[in-house]
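Visitor: A single structure is presented below for examination.
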Amino acid sequence: MQAIKCVVVGDGAVGKTCLLISYTTNAFPGEYIPTVFDNYSANVMVDSKPVNLGLWDTAGQEDYDRLRPLSYPQTDVFLICFSLVSPASYENVRAKWFPEVRHHCPSTPIILVGTKLDLRDDKDTIEKLKEKKLAPITYPQGLALAKDIDSVKYLECSALTQRGLKTVFDEAIRAVLCPQPTRQQKRPCSLL
């Protein structure tokens, strides 16, 4: 059985841990708990192929900037996450996460993931953003960013409702099993 290492990165509180817990346990966790990182392992079938999917959670907080890259070697695919209701986390994909991942892993495939899809149409959330002269991130904005960072795919999901959740991980596996030729041939990350 092929083993695939998938590392999840993004700003603190965008829902990385909830994404992983909801996917692996089919249950949405309670309160927000910042993570250093937890590893999950799941045997899954994608396109009739059995895969051992190793899921690596990371801490988005700046305190962990020096520690986080220790989980990057031998990564097969990255999920760079941002919250659809946090424009700052969206901007940080370009400003921080993409450069960090590419610095350590120049040719590992990336999937861009917009989280908290259930809140994009939530009246209270929209109102809070409007008070700060902000708005939720739209699907076309997500697609444009994915193109800018040469992401294999752009996907949106909700860990709460599980809408689009399984697709995120299926596509992460497909990005490794059926690599798309890009400007550079993709290969697992290694630190020299």
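The backbone N, Cα and C atoms fix where each Cβ goes, glycine too.
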Visitor: Among 14-22, 32-40, 149-157, find the range that Swiss-Prot records as motif 'Effector region'.
Guide: 32-40
Visitor: Across all chains shown, how many C-beta atoms besides its own are within 10 angstroms of the C-beta of G10 (GTP binding site)?
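Guide: Its Cβ has 27 other Cβ atoms within 10 Å.
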Visitor: Starting from each candidate's C-beta and looking 10 angstroms out, tell me which of the binding-site residues T58, Q61 has the most other C-beta atoms.
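Guide: Answer returned by the neighbour count: T58.
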